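Here is the structure we will look at.
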(Lines of atoms letter the chains of each structure in order from A; the text may use other names.)
(Lines give C-alpha, C1' and ligand atoms only; values in the text may rest on other atoms or scores of the structure.)
Protein backbone atom coordinates (compact mmCIF):
# COMPACT_ATOMS: atom_id res chain seq x y z
CA UNK A 1 0.00 0.00 0.00
CA UNK A 2 1.38 3.39 -0.96
CA UNK A 3 0.62 6.73 0.59
CA UNK A 4 -1.36 7.66 -2.51
CA UNK A 5 -3.80 4.83 -1.78
CA UNK A 6 -4.75 6.52 1.49
CA UNK A 7 -6.00 9.63 -0.30
CA UNK A 8 -9.66 8.44 -0.45
CA UNK A 9 -9.52 8.13 3.36
CA UNK A 10 -8.11 11.63 3.80
CA UNK A 11 -10.58 14.50 3.65
CA UNK A 12 -10.57 16.74 0.59
CA UNK A 13 -10.20 19.61 3.08
CA UNK A 14 -6.73 18.43 4.10
CA UNK A 15 -3.90 20.86 3.41
CA UNK A 16 -0.15 20.29 3.41
CA UNK A 17 2.73 22.25 4.89
CA UNK A 18 6.08 21.54 3.25
CA UNK A 19 9.57 22.42 4.40
CA UNK A 20 12.56 21.64 2.22
CA UNK A 21 15.03 22.40 5.00
CA UNK A 22 16.52 19.41 6.83
CA UNK A 23 14.47 18.60 9.94
CA UNK A 24 16.75 17.48 12.81
CA UNK A 25 15.56 14.59 14.96
CA UNK A 26 16.02 14.28 18.70
CA UNK A 27 17.74 10.89 18.60
CA UNK A 28 20.08 11.88 15.79
CA UNK A 29 19.88 12.21 12.05
CA UNK A 30 17.37 14.24 10.13
CA UNK A 31 14.57 14.17 7.61
CA UNK A 32 15.80 15.77 4.36
CA UNK A 33 12.42 17.45 3.94
CA UNK A 34 9.17 17.58 5.85
CA UNK A 35 5.53 17.36 4.88
CA UNK A 36 2.72 17.84 7.39
CA UNK A 37 -0.91 17.13 6.54
CA UNK A 38 -3.33 19.28 8.51
CA UNK A 39 -6.85 20.60 8.69
CA UNK A 40 -8.33 23.76 10.16
CA UNK A 41 -11.81 24.85 11.22
CA UNK A 42 -13.05 28.34 12.01
CA UNK A 43 -11.24 31.61 11.39
CA UNK A 44 -7.97 32.81 12.87
CA UNK A 45 -8.73 36.16 14.49
CA UNK A 46 -6.66 39.30 13.92
CA UNK A 47 -4.83 38.84 17.23
CA UNK A 48 -4.21 35.15 16.46
CA UNK A 49 -5.37 34.44 19.98
CA UNK A 50 -8.16 31.90 19.38
CA UNK A 51 -6.06 28.86 18.46
CA UNK A 52 -6.92 25.36 19.67
CA UNK A 53 -4.43 22.64 18.75
CA UNK A 54 -5.92 19.14 18.67
CA UNK A 55 -3.46 16.24 18.93
CA UNK A 56 -4.55 12.83 17.66
CA UNK A 57 -3.97 9.31 18.99
CA UNK A 58 -2.05 6.36 17.52
CA UNK A 59 -4.07 5.53 14.41
CA UNK A 60 -5.74 8.92 14.08
CA UNK A 61 -5.30 11.61 11.47
CA UNK A 62 -5.94 15.29 10.86
CA UNK A 63 -9.69 14.72 10.39
CA UNK A 64 -10.59 15.49 13.99
CA UNK A 65 -14.17 16.31 13.01
CA UNK A 66 -14.52 12.66 12.01
CA UNK A 67 -12.94 10.77 14.92
CA UNK A 68 -13.90 13.39 17.57
CA UNK A 69 -17.11 14.60 15.93
CA UNK A 70 -18.96 15.16 19.20
CA UNK A 71 -16.46 17.84 20.24
CA UNK A 72 -17.36 20.11 17.30
CA UNK A 73 -20.22 22.57 17.09
CA UNK A 74 -21.48 25.87 18.38
CA UNK A 75 -21.29 25.89 22.16
CA UNK A 76 -19.07 22.80 22.21
CA UNK A 77 -15.37 22.37 22.91
CA UNK A 78 -14.39 23.19 19.34
CA UNK A 79 -16.65 26.07 18.35
CA UNK A 80 -15.95 27.15 14.78
CA UNK A 81 -17.80 30.42 15.37
CA UNK A 82 -15.21 31.42 17.98
CA UNK A 83 -12.18 29.15 17.74
CA UNK A 84 -9.52 28.48 15.14
CA UNK A 85 -9.03 24.74 15.45
CA UNK A 86 -6.05 23.02 13.88
CA UNK A 87 -5.15 19.33 13.83
CA UNK A 88 -2.14 17.89 12.03
CA UNK A 89 -1.22 14.32 11.21
CA UNK A 90 1.90 13.50 13.24
CA UNK A 91 5.15 12.82 11.43
CA UNK A 92 5.77 9.10 11.20
CA UNK A 93 2.12 8.47 10.35
CA UNK A 94 0.53 7.46 7.05
CA UNK A 95 -2.18 10.06 6.50
CA UNK A 96 -0.27 12.61 4.48
CA UNK A 97 2.64 13.57 6.75
CA UNK A 98 6.21 12.36 6.24
CA UNK A 99 6.45 8.75 7.39
CA UNK A 100 7.54 5.24 6.39
CA UNK A 101 5.30 5.27 3.30
CA UNK A 102 6.84 8.52 2.04
CA UNK A 103 9.55 8.62 -0.60
CA UNK A 104 13.01 9.35 0.70
CA UNK A 105 14.22 12.21 -1.55
CA UNK A 106 17.79 10.96 -1.22
CA UNK A 107 17.03 7.50 -2.60
CA UNK A 108 13.83 8.01 -4.53
CA UNK A 109 12.37 4.99 -2.74
CA UNK A 110 9.96 4.75 0.15
CA UNK A 111 11.53 4.83 3.61
CA UNK A 112 9.88 1.63 4.84
CA UNK A 113 11.73 0.24 7.88
CA UNK A 114 14.59 2.68 7.22
CA UNK A 115 12.44 5.55 8.41
CA UNK A 116 14.49 7.12 11.24
CA UNK A 117 13.57 6.67 14.89
CA UNK A 118 11.38 9.55 16.00
CA UNK A 119 10.02 10.73 19.34
CA UNK A 120 7.03 12.64 20.64
CA UNK A 121 9.30 15.68 20.85
CA UNK A 122 9.95 15.44 17.10
CA UNK A 123 6.20 15.41 16.49
CA UNK A 124 5.75 18.53 18.61
CA UNK A 125 8.68 20.32 16.96
CA UNK A 126 7.06 19.65 13.58
CA UNK A 127 3.72 20.99 14.82
CA UNK A 128 5.49 24.14 15.96
CA UNK A 129 6.87 24.68 12.45
CA UNK A 130 3.35 24.35 11.08
CA UNK A 131 1.93 26.88 13.54
CA UNK A 132 4.76 29.31 12.87
CA UNK A 133 3.83 29.23 9.18
CA UNK A 134 0.52 30.80 10.25
CA UNK A 135 2.33 33.40 12.33
CA UNK A 136 0.88 31.87 15.49
CA UNK A 137 2.87 32.69 18.61
CA UNK A 138 0.39 31.54 21.26
CA UNK A 139 -1.99 28.58 21.48
CA UNK A 140 -5.05 29.12 23.62
CA UNK A 141 -5.45 25.40 24.34
CA UNK A 142 -3.53 22.24 23.43
CA UNK A 143 -5.76 19.19 23.84
CA UNK A 144 -5.46 15.48 23.14
CA UNK A 145 -5.66 11.96 24.54
CA UNK A 146 -3.40 8.90 24.56
CA UNK A 147 -0.59 9.59 22.04
CA UNK A 148 -2.24 12.98 21.68
CA UNK A 149 -1.91 13.50 25.43
CA UNK A 150 1.82 12.81 25.18
CA UNK A 151 2.09 15.61 22.64
CA UNK A 152 0.08 17.92 24.89
CA UNK A 153 2.48 17.37 27.79
CA UNK A 154 5.55 17.84 25.61
CA UNK A 155 4.12 21.15 24.39
CA UNK A 156 4.16 22.26 28.02
CA UNK A 157 7.76 21.15 28.49
CA UNK A 158 9.23 22.22 25.14
CA UNK A 159 7.40 25.43 24.29
CA UNK A 160 5.80 26.84 27.46
CA UNK A 161 5.84 30.34 25.96
CA UNK A 162 3.48 29.14 23.21
CA UNK A 163 1.25 26.73 25.11
CA UNK A 164 -1.37 28.86 26.85
CA UNK A 165 -3.19 25.95 28.50
CA UNK A 166 -3.06 22.15 28.39
CA UNK A 167 -5.72 19.45 28.57
CA UNK A 168 -4.10 15.99 28.43
CA UNK A 169 -6.42 12.98 28.70
CA UNK A 170 -5.89 9.32 29.48
CA UNK A 171 -2.12 9.53 29.61
CA UNK A 172 0.94 9.51 31.85
CA UNK A 173 4.06 11.62 31.97
CA UNK A 174 6.21 8.63 31.08
CA UNK A 175 5.33 5.41 29.29
CA UNK A 176 5.06 2.56 31.77
CA UNK A 177 6.63 -0.90 31.52
CA UNK A 178 3.05 -2.19 31.17
CA UNK A 179 2.46 -0.07 28.07
CA UNK A 180 5.87 -0.84 26.57
CA UNK A 181 5.20 -4.57 26.99
CA UNK A 182 1.81 -4.25 25.28
CA UNK A 183 3.36 -2.41 22.34
CA UNK A 184 6.20 -4.91 21.97
CA UNK A 185 3.75 -7.83 21.91
CA UNK A 186 1.86 -6.06 19.14
CA UNK A 187 5.04 -5.38 17.17
CA UNK A 188 6.06 -9.02 17.47
CA UNK A 189 2.67 -10.06 16.11
CA UNK A 190 3.41 -7.97 13.02
CA UNK A 191 6.93 -9.37 12.70
CA UNK A 192 5.61 -12.96 12.94
CA UNK A 193 3.62 -12.51 9.74
CA UNK A 194 5.40 -14.12 6.78
CA UNK A 195 4.57 -11.05 4.70
CA UNK A 196 6.56 -8.78 7.04
CA UNK A 197 9.88 -9.45 5.33
CA UNK A 198 11.81 -7.26 7.73
CA UNK A 199 9.58 -4.34 6.84
CA UNK A 200 10.43 -4.48 3.13
CA UNK A 201 7.04 -5.84 2.14
CA UNK A 202 5.25 -4.87 -1.03
CA UNK A 203 3.05 -1.92 -0.03
CA UNK A 204 0.14 -3.62 -1.82
CA UNK A 205 0.71 -6.80 0.19
CA UNK A 206 1.51 -5.72 3.71
CA UNK A 207 1.47 -8.14 6.69
CA UNK A 208 -2.29 -8.02 7.10
CA UNK A 209 -2.64 -10.89 9.56
CA UNK A 210 0.07 -9.53 11.83
CA UNK A 211 -1.28 -5.98 11.79
CA UNK A 212 -4.81 -7.25 12.42
CA UNK A 213 -3.57 -9.30 15.38
CA UNK A 214 -1.73 -6.27 16.76
CA UNK A 215 -4.92 -4.23 16.55
CA UNK A 216 -6.95 -6.94 18.28
CA UNK A 217 -4.43 -7.04 21.12
CA UNK A 218 -4.60 -3.27 21.42
CA UNK A 219 -8.40 -3.27 21.46
CA UNK A 220 -8.29 -5.46 24.57
CA UNK A 221 -6.53 -2.59 26.37
CA UNK A 222 -8.65 0.19 24.87
CA UNK A 223 -11.78 -1.15 26.56
CA UNK A 224 -12.22 -2.98 29.87
CA UNK A 225 -13.66 -6.12 31.47
CA UNK A 226 -17.02 -4.54 32.28
CA UNK A 227 -17.44 -3.17 28.77
CA UNK A 228 -16.79 -6.50 27.07
CA UNK A 229 -19.01 -8.42 29.50
CA UNK A 230 -21.91 -6.01 29.14
CA UNK A 231 -21.60 -5.65 25.38
CA UNK A 232 -20.84 -9.25 24.36
CA UNK A 233 -21.09 -11.62 27.31
CA UNK A 234 -21.00 -15.19 26.04
CA UNK A 235 -23.31 -14.56 23.11
CA UNK A 236 -22.63 -16.53 19.95
CA UNK A 237 -23.52 -15.89 16.33
CA UNK A 238 -25.15 -18.37 13.97
CA UNK A 239 -21.73 -19.20 12.51
CA UNK A 240 -20.52 -20.31 15.95
CA UNK A 241 -18.23 -17.35 16.63
CA UNK A 242 -18.58 -15.65 19.97
CA UNK A 243 -19.67 -12.04 19.56
CA UNK A 244 -16.42 -10.97 21.23
CA UNK A 245 -14.42 -12.95 18.64
CA UNK A 246 -16.37 -11.41 15.78
CA UNK A 247 -15.78 -7.92 17.17
CA UNK A 248 -12.04 -8.53 17.45
CA UNK A 249 -11.80 -9.76 13.87
CA UNK A 250 -13.85 -6.82 12.63
CA UNK A 251 -11.56 -4.34 14.39
CA UNK A 252 -8.45 -6.03 13.01
CA UNK A 253 -9.74 -6.10 9.45
CA UNK A 254 -10.89 -2.50 9.66
CA UNK A 255 -7.46 -1.20 10.67
CA UNK A 256 -5.66 -3.21 7.98
CA UNK A 257 -7.77 -1.39 5.41
CA UNK A 258 -6.63 2.03 6.58
CA UNK A 259 -3.20 1.75 8.22
CA UNK A 260 0.36 0.63 7.57
CA UNK A 261 2.46 -1.88 9.52
CA UNK A 262 5.74 0.09 9.41
CA UNK A 263 3.82 3.13 10.60
CA UNK A 264 2.37 1.16 13.51
CA UNK A 265 5.86 0.14 14.59
CA UNK A 266 7.30 3.65 14.12
CA UNK A 267 4.62 5.31 16.24
CA UNK A 268 4.50 2.72 19.03
CA UNK A 269 8.29 2.98 19.38
CA UNK A 270 7.93 6.75 19.65
CA UNK A 271 5.38 6.21 22.41
CA UNK A 272 7.79 3.91 24.24
CA UNK A 273 10.28 6.80 24.40
CA UNK A 274 7.75 9.10 26.06
CA UNK A 275 9.24 10.39 29.32
CA UNK A 276 9.00 14.03 30.35
CA UNK A 277 12.15 13.59 32.44
CA UNK A 278 14.37 12.13 29.71
CA UNK A 279 17.36 14.38 29.09
CA UNK A 280 16.07 16.94 31.57
CA UNK A 281 16.97 17.62 35.19
CA UNK A 282 14.42 15.09 36.42
CA UNK A 283 10.88 13.91 35.79
CA UNK A 284 9.61 15.83 38.79
CA UNK A 285 11.46 19.01 37.82
CA UNK A 286 10.13 18.90 34.25
CA UNK A 287 6.52 18.72 35.40
CA UNK A 288 7.13 21.12 38.26
CA UNK A 289 8.23 23.78 35.77
CA UNK A 290 4.79 23.98 34.14
CA UNK A 291 3.26 27.40 34.75
CA UNK A 292 0.30 27.36 32.37
CA UNK A 293 -3.18 26.19 33.42
CA UNK A 294 -3.46 22.41 33.13
CA UNK A 295 -6.59 20.29 33.35
CA UNK A 296 -5.98 16.54 33.42
CA UNK A 297 -8.72 14.09 32.47
CA UNK A 298 -8.54 10.61 33.97
CA UNK A 299 -10.75 7.71 32.91
CA UNK A 300 -11.79 5.55 35.86
CA UNK A 301 -11.98 2.33 33.84
CA UNK A 302 -8.76 2.86 31.85
CA UNK A 303 -6.53 -0.22 32.18
CA UNK A 304 -3.89 1.09 29.75
CA UNK A 305 -3.16 4.35 31.57
CA UNK A 306 -4.68 3.77 35.04
CA UNK A 307 -5.83 6.72 37.08
CA UNK A 308 -2.85 6.62 39.47
CA UNK A 309 -0.76 7.91 36.56
CA UNK A 310 -2.97 10.97 36.12
CA UNK A 311 -3.04 11.44 39.89
CA UNK A 312 0.76 11.55 39.78
CA UNK A 313 0.63 14.21 37.05
CA UNK A 314 -1.76 16.27 39.16
CA UNK A 315 0.55 16.06 42.17
CA UNK A 316 3.59 17.16 40.19
CA UNK A 317 2.13 19.90 37.97
CA UNK A 318 1.62 23.05 40.05
CA UNK A 319 -1.95 24.32 40.17
CA UNK A 320 -3.28 21.59 37.88
CA UNK A 321 -6.80 20.27 38.16
CA UNK A 322 -7.73 16.58 37.93
CA UNK A 323 -11.11 15.47 36.58
CA UNK A 324 -12.48 11.94 36.31
CA UNK A 325 -14.57 10.44 33.55
CA UNK A 326 -16.57 7.72 35.29
CA UNK A 327 -17.64 5.58 32.36
CA UNK A 328 -17.37 1.78 31.79
CA UNK A 329 -15.75 2.15 28.37
CA UNK A 330 -12.07 1.90 29.27
CA UNK A 331 -9.35 3.97 27.62
CA UNK A 332 -11.53 4.78 24.60
CA UNK A 333 -14.06 6.64 26.76
CA UNK A 334 -12.65 9.95 25.52
CA UNK A 335 -13.89 8.99 22.03
CA UNK A 336 -17.23 7.62 23.21
CA UNK A 337 -18.59 10.00 25.86
CA UNK A 338 -17.84 13.16 23.92
CA UNK A 339 -20.74 15.03 25.51
CA UNK A 340 -19.05 14.89 28.91
CA UNK A 341 -15.55 15.49 27.53
CA UNK A 342 -16.78 18.50 25.54
CA UNK A 343 -18.55 19.92 28.58
CA UNK A 344 -15.39 19.60 30.68
CA UNK A 345 -13.32 21.29 27.96
CA UNK A 346 -15.86 24.11 27.66
CA UNK A 347 -15.77 24.72 31.39
CA UNK A 348 -11.98 24.81 31.25
CA UNK A 349 -12.08 27.33 28.39
CA UNK A 350 -14.52 29.52 30.33
CA UNK A 351 -12.25 29.41 33.37
CA UNK A 352 -9.32 30.50 31.21
CA UNK A 353 -11.29 33.58 30.16
CA UNK A 354 -12.15 34.39 33.78
CA UNK A 355 -8.54 33.97 34.92
CA UNK A 356 -7.28 36.21 32.14
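Heads up, the Cβ atoms here are built off N, Cα and C, so glycines get one too.
Taken straight from Swiss-Prot:
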- 146: active site, nucleophile (ACT_SITE)
- 302: active site (ACT_SITE)
- 331: active site (ACT_SITE)
- 215, 332: substrate binding site (BINDING)
- 50-335: domain 'AB hydrolase-1' (DOMAIN)
Spatial neighbours of residue 302 (active site) that are distant in sequence (at least 6 apart) but have CB under 8 A: 170, 224, 330, 331, 333
Under 8 Å by Cβ from residue 146 (active site, nucleophile), counting only residues of that chain that are 6 or more apart: 57, 58, 169, 170, 171, 304, 305, 331, 334
Local Cβ density at residue 331 (active site) - other Cβ atoms counted within 10 Å: 25
Chain-internal residues near residue 332 (substrate binding site), provided their CB is under 8 angstroms and they sit 6+ positions away: 222, 223
All-chain count of other Cβ atoms within 10 Å of residue 215 (substrate binding site): 23
Residue 215 (substrate binding site) in three-state DSSP notation: helix
Secondary structure of residue 302 (active site) (DSSP, helix/strand/coil): coil
